[in-house]
Amino acid sequence: MDSQQSDLFDTASQPDTVADEYTFLEFNTQGDSEFDYQDFGSPTAWPTPSDSISIADVADRGEGGAAADHHSEASSPSSLSAGAGNGAKVGRGGVGGSGGVSSSSQVDALAAGVGNLNFEETGDDDGFDYGKNDFTEHACKYCGISNPACVVRCNVASCRKWFCNSRGNTSGSHIVNHLVRAKHKEVCLHRDSPLGETILECYNCGCRNVFLLGFISAKTDSVVVLLCRDPCLNVNALKDMNWDLSQWCPLIDDRCFLPWLVKVPSEQEQLRARQISAQQINKIEELWKTNPDATLEDLEKPGVDDEPQPVQPKYEDAYQYQNVFAPLIKLEADYDKMMKESQSKENLTVRWDIGLNKKRVAYFVFPKEENELRLVPGDELRLRYSGDAVHPSWQSVGHVIKLTAQEEVALELRANQGVPIDVNHGFSVDFVWKSTSFDRMQGAMKNFAVDETSVSGYIYHQLLGHEVEAQMVRNTLPRRFGVPGLPELNASQVNAVKSVLQKPISLIQGPPGTGKTVTSAAIVYHMAKQGQGQVLVCAPSNVAVDQLAEKISATGLKVVRLCAKSREAVSSPVEYLTLHYQVRHLDTSEKSELHKLQQLKDEQGELSSSDEKKYKNLKRATEREITQSADVICCTCVGAADLRLSNFRFRQVLIDESTQATEPECLIPLVLGVKQVVLVGDHCQLGPVIMCKKAARAGLAQSLFERLVTLGIKPIRLQVQYRMHPALSEFPSNSFYEGTLQNGVTIIERQTTGIDFPWPVPNRPMFFYVQLGQEEISASGTSYLNRTEAANVEKLVTAFLKSGVVPSQIGVITPYEGQRAYIVNYMARNGSLRQQLYKEIEVASVDSFQGREKDYIILSCVRSNEHQGIGFLNDPRRLNVALTRARYGIVILGNPKVLSKQPLWNGLLTHYKEHECLVEGPLNNLKQSMVQFQKPRKIYNDRRLFYGGGAGMIGNDNFGSGNPNADRRGSRGRAGGSYLPSGPPNGARPGLHPAGYPIPRVPLSPFPGGPPSQPYAIPTRGPVGAVPHAPQPGNHGFGAGRGTSVGGHLPHQQATQHNVGTIGPSLNFPLDSPNSQPSPGGPLSQPGYGSQAFRDGFSMGGISQDFLADDIKSQGSHDPYNMADFATQASPGGFAVDYATQGAHGAFPGNFMNQNSQGGYSRFSGINDFMSQEYMAHGGQGLFTQAGFIDSSQDDGQQNPYGVNNPNLQSQGLPNSLYSQPFAHYNTQPLNLSGPQQSQPNQSSQNPKHPYNG
C-alpha cells in the first residue's frame, strides 16, 4: 500500500466506539509485535508481500500436503504478484499464468478508474443514500460499496452476501463484523479483484476458517503461502520445505483483512457510502437469522427490534414487577433455545461403556472452543446414527453425567435397546432444549403477584422497593454463636450471624476467602435450632449447593440434598445426602418392596403398568417421608420449584452466591412462604451470565442482591480473609473493599518449604511477567488467543513442576476461551515434562473459576493491541476474581503498554512496579522491566454493567440523570462535551461505586436541614406481626431516628480522611456550608473535591485534578493505587454516602456497606414476632440499637411513643474488638429526645414517615 493509501486507511478506519456495543466480540489482532522470545519471532508490523510475491497453488502442495483440492465454483490461489501490497493478479494455471505479472501502477490505475466511474459527483446527490438500493449484486450489504477489489463474499451457502473491508463507523471492517455476528467463517474474493474469484483456504489441509488462516513468506523465493494456525502451523506441517514458520501472520489484523489481500476502500468511497452504525448492524444481523432477505429499511418498520422495558429500582406492585421481568425471561429463553438447537456436531467417534446402574454410556469429544454454549452435567443431548448397510438408523436421548479436562463427554442413555455398540464412527449429537428453569421463573413471579401468602408483607414491600418501617424478628439469641463441627467464628462472622437472626431480610457480603460458606452454615444451624420449621438453603449452581450442604451436615443437622432427576447419575461429593441416595438406602418395611421393584426395573428396563404405578407411589411416599424429617433442605434456586417440594412451606430461606443468580431465579425459593430471608454473595465479583444481550442491556444481568443494595439495604461485610498470602490480598483489599480486608493468615503460614521457584522478591510471591506478543482471533471468531503468552505459560508451569509443586496445586486462568483451549493444546504438544503432568493442570476461564482457589495461579491476560482496547478485561469484577484465586502465589502475564490505558489495571501495574515485581526476560534471569505505562483513559459506564446506560456525549460536569437506573442511551450533551468511549464498567455514576458496584443510599448524619424522603403510599399486604409505631416529631423520612438529616454542616471530624499505612494521602477538609454538599446529579462533580480524585474514582499519588478534568497532569508516584478517596458523595435521592478512607490496619473500616462493627444490642421486650429496628445516628458505622416496642393496645402503662423507659438504652457505643477505635461518641442522644437538631424550622412542615402495619 502506498503512503497515500495508508493515510486514507488510517483516517477512514478509526473505530466509533460510541456506536459499537457488541463488546463481547472484540477480536482485534493489531498490537505490538516485539516478540522477545524465539518461539514466535515477528517483525515490527505484519509483513506485506513485496514485489513479485506468489501464493503457492493448493494443487502444487508438497508431499506433506493434502492431496485433494477444495475447489468449488471458485479457484484456489495459484500465483500472486503484488506491488507493495497494492493488489495482485492471479494466473489461472501455474506461476505466471494467463494473468502474468502486473505492476503496482497498473493496479492503482485500475482502482482509480473504477473509483472515478462509480462515484462521480452528480450535483443533486448529497451522497448520503449511496448504495441504499445496492446497485450491484456484489455491493456491501451494510454500506453499499461495490469496488471489486474491496469486497468479499461470505461463502456460507445459506448467506452468500457481499461485504467490504471498510470500517465505516464501527471498530472492525464490515466483512469481519458480519463473520463474527453470523458465526460464518468462509469467504471468497470477487472475480474482478486482483486475486480473482478465490476461496481463501489453507495450502496444506484446505481449511477455510479465515480466523485460523495466516500467511508465511518463503525464506528464499518471493512466494507466500496461506497456512492455518491449527493444526498445520502448530504441528509444523511445512517443516521439510523452505518456509519460515516463525513469520506466520494472521490474515485478519486490527479487525480488518490485510489490505494487500482485500483493499480498504478509499476515503472518497467511504464518504459516499451509506453510513451505518454498530447498533444497526447488530439489528440487521439479528433480523437476517429469521429473514435472510431483510434490508436496512425493514429495521424502520414498527415492532422490529423494539427494546424491552428496562429493570426498575422500584415497582408499584408485583404485577408491574412481573410485566417487566417476564419479557426478559422470555428473551433469554428464546435465545437459549436458538443457541442450543443450532449447536450440533457431526462425524463424532464414540466409545461405549456400561455404567454402575447397567445403563449404556457413550463417550465422545465435544470441543468447547468452537461452541458458545458450555456443557454442564445434567444437560440433555440426542445422539444419532444415520445408519449403513448393516445397521439401521438410530437415535437416543441421554444426560451428560461427566465432563473431563480433555473435553470428553460421558452421556448416559435413557434406553438400552438397539444401541449400535459395535459402531464407533459417524455419530452426530444435538442439544435437547428444555424450558424447565425458565418456566419456573415465570411461575414464581406469577405466585409473587397473585398469592398473598407467598411471602410476608414486609418482604413483599422490601422486594418491590417500597419504603416501610424497619422491623426486627423476635428471637431468643443463643449465648454463644459458635457451631459444632465448624471452625470458630471471628468477630465479623459472629456479628453477621447475630444481626441476621434478628432481621426479616439480610444481605451478607463475603469478599474472597472470608468464609461465606462457614458463616452461612452457622446461620442455618441457629435458624434450625429456633424451631420455626425447616430451613431452605439454595444457590444458583450445584457446586455451591454441594459445598454448603456438606458444611451444614457437619454441624449435626439432618440435611437432604435435592437433585434434579437428570443429575441423579452425576457423581457428587455429598452423594450420601442426596434424596435419591437416601431413598435407596432407607431401612423400612416399605423399603424392601420398593427395593425389589427398583432392582427389577434396572434389570428389565421397564415394569408392567401395575408395577410401575406401585413403584412410583412407593417412591413418592418414601421421598416425602425423608424430606419431611429433614432439618434443612438444600437445592438449586430452580430446584426449589421441584414437584417434590410442591406442598412445602419454608419460613426461613438462605440463598448463597445470590449475586450470581438473576433476580427471577432468586424469587423461586422466596415464594414458598418466606418470612425471613438471607442473601449471601459479593457484588464486587462477577454476576449472573446472560446470553441474550438485549435482555442483559435491559437489566436481567443485575442480581436481586445488587438492586437491594442500591435501595439502601446495607450488606454486612465479612472482613477477615483466610485464603491469600498477605502480599496478594493487599491490592484487592484496597481497590475493591476500601482497605477493610484483614488477613487471617500470616506470611509464615503462606510460605512453602521445599519449593524453589524464582520469585523476584522472596517475601512477595507474585510478579507481573511482561509480554509484548501479538493477540490473535481464535478459531470461533468470538474470542482471542496470544501464542507468546501461551508459550510462557508452559514455561512457568514447567518451572513450578520442577520446583516441587504438584499439578493439582496449579491453576491457569484466562478471560478468553480461545486462549484456554490454545494453552491446553500447546502444553500437551510442547511441554518438556511428561505429558500426563500437563493434563492434570487445570486450565479454566476466569469466570468459571469464581468460588474456587488454587495454591498457585497463572493468569494470562491475552489482550495486546494498539487501538482496540482490552475488551471485558475492563470489568473490575473480573479482575477482582482473577486476583483473588491464589493462596500462595500468582504470576500475571500481559502487555503493560495496553493494560495501563485502563485506570484500574494501571493501578495494579503501578502496585507491582513499586514492589519490584514487574519483570521481563527469561525465567532463570528475570529483571525489573522499564516498560513505560500509557496514560490511563477516562472511564465511563458500560452497558454490560450499567443497565440502561451507555456511552455518549456529555458536558464536563453533567452526569445526566441522577437515577442510577436511568436510561441514557439517547443522551447527548451540549457543545463542547467530552467524548465518552464505550468502555469499561468502572465509570463514576450516581448511586454506583466508582469500581462499578451499586452503593446503598443511606444517610450520613448529622446533616441538619435536608429533605426527608416520603414513605411509599400503598395499601398494606396483610399482617406480619408488626406493631404500629408513632412517628417521631421533628425527624422524618429516611433519616428518622438516625440523627439529623442531610443538608447542613458536616462536622470536621467526619470529613477528615486519615492516612492508613501506605494506601495514600488523605482528604482533609471541612464542608462549612450546605452549599458545599455535592449535588444529587453527579457525585464529586464539584472542583473542590478534586485534589486527589481520579476520573473513575481511583486515586493515584501525584495526580492533582478535578474529578471531571479532561487533562491528566501526572501519572504514578511513590503512593500506591488507592480507590478510597471518596468523601461524602451524594446519592440520587439526596442522601449522602460516606466512603471513609480507612485501611486494613485495624482502624475503623469506613462506612461502605459495613455492619460488622455492631457493638451490641440493648434489651428488648414485647410479644410480637417482628420488632422495629433503627440504625444509629452514624449510619455508616453499622451499629444497631434495638428498643422494645410494646403494643400500646395491650399495655395501658405509661410509655413514650417508642416504648423505651430508659433513654440511655439508645446510646450503646460499645467498642468492637476488631477495630482500634472506640466509637462510643456516636449516637449519644436518645432517639426520642427533642434536641435542637430535631427542631429545624424547615422540618416542621414536612410529612412524617407513616407507621407500617403490614
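Cβ coordinates come from backbone N, Cα and C, glycine included.
Annotated features in Swiss-Prot:
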- Cys140, Cys143, Cys164, His174: Zn(2+) 1 binding site (BINDING)
- Cys202, Cys205, Cys228, Cys232: Zn(2+) 3 binding site (BINDING)
- Gln493, Gly513, Thr514, Gly515, Lys516, Thr517, Gln685, Tyr722, Glu853: ATP binding site (BINDING)
- 1000-1014: compositional bias 'Pro residues' (COMPBIAS)
- 497-629: domain 'Helicase ATP-binding' (DOMAIN)
- 1-21: region 'Disordered' (REGION)
- 33-52: region 'Disordered' (REGION)
- 61-102: region 'Disordered' (REGION)
- 140-174: region 'C3H' (REGION)
- 154-184: region 'CC/SHH/C' (REGION)
- 202-232: region 'C4' (REGION)
- 956-1096: region 'Disordered' (REGION)
- 1187-1254: region 'Disordered' (REGION)
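Mapped onto this structure are the features recorded in Swiss-Prot.
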residue: Cys164; record: Zn(2+) 1 binding site; Cβ contacts under 8 Å, 6 or more apart: Cys140, Tyr142, Cys143, Ile145, Asn147, Cys150, Val151, Val152, Ser173, His174, Ile175, Pro265, Ala273
residue: Cys228; record: Zn(2+) 3 binding site; Cβ contacts under 8 Å, 6 or more apart: Cys202, Asn204, Cys205, Cys207, Asn209, Leu212, Leu213, Gly214
residue: Cys232; record: Zn(2+) 3 binding site; Cβ contacts under 8 Å, 6 or more apart: Cys202, Asn204, Cys205, Cys207, Leu238
residue: Gln493; record: ATP binding site; Cβ contacts under 8 Å, 6 or more apart: Gly515, Val518, Thr519, Ala522, Leu718, Val720
residue: Thr514; record: ATP binding site; Cβ contacts under 8 Å, 6 or more apart: Ser492, Leu718, Gln719, Val720, Gln721, Tyr722, Leu741
residue: Gln685; record: ATP binding site; Cβ contacts under 8 Å, 6 or more apart: Pro512, Thr659, Gln850, Arg877, Asn880, Val881
residue: Glu853; record: ATP binding site; Cβ contacts under 8 Å, 6 or more apart: Gly513, Arg723, Arg885, Ala886, Arg887
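For the binding-site residues listed here (His174, Lys516), the lowest count of other CB atoms within 10 A around the CB belongs to Lys516. Note: the region 'CC/SHH/C' (154-184) comprises 9 helix, 4 strand, 18 coil (DSSP; helix = H, G, I, strand = E, B). Cys143 (Zn(2+) 1 binding site): 27 other CB atoms within 10 A of its CB, across all protein chains. Comparing Cβ neighbour counts within 10 Å across the binding-site residues Cys202, Cys205, the minimum falls on Cys205.
Packing around Cys140 (Zn(2+) 1 binding site) is summarised by its Cβ count: 29 other Cβ atoms lie within 10 angstroms of its Cβ, all protein chains included.
For the recorded site, Cys202 (Zn(2+) 3 binding site), the DSSP three-state label reads coil. DSSP classifies Cys140 (Zn(2+) 1 binding site) as coil under the three-state reduction.
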